Amino acid sequence: MGFTDKQEALVNSSWESFKQNPGNSVLFYTIILEKAPAAKGMFSFLKDSAGVQDSPKLQSHAEKVFGMVRDSAAQLRATGGVVLGDATLGAIHIQKGVVDPHFAVVKEALLKTIKEVSGDKWSEELNTAWEVAYDALATAIKKAMV
């Protein structure tokens, strides 16, 4: 079974909720660093700070990550696959030292953040929609990391 219209709608609505509160970006990176403190140096906007502090770069990067997952949901529904819009993503991830376990950390942080953002609208179906879209995006990025 392919990615459904309903799954795409679930991702889109929670994406809109995510964007409405800048604190969601801070939460996302806080969860990442709780799971993988060494990842701090991979993010230019975090490496010289004492902790996760809100900044325009942090907001921009978080919105980019969540937005790419949202775009992946749209691609999955439309075509059944994900093609990266930015051909440099693989090289950037290699340059930053990203390895396979990092994708699992980001996935966990993304899903926990979406659960928090969604509040009483959260469901297993919503979680699965984000999970499937993220996994497809992560697979596309990993393929580009050559």
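Any Cβ shown, glycine's included, is placed from N, Cα and C.
For the heme b site, Swiss-Prot records Lys64, His93, Lys96, and the single candidate of Ser44, Ser118, Ser123 listed with them is Ser44. When averaged over the domain 'Globin' (2-146), pLDDT in the model lands at 94. Note: the heme b site is recorded as Ser44, Lys64, His93, Lys96; in the same chain, Met42, Phe43, His61, Ile92, Val98 also have Cβ atoms within 8 Å of that site's Cβ centroid.
Cα of Lys64 (heme b binding site) to Cα of Tyr134 (nitrated tyrosine): a span of 13 Å.
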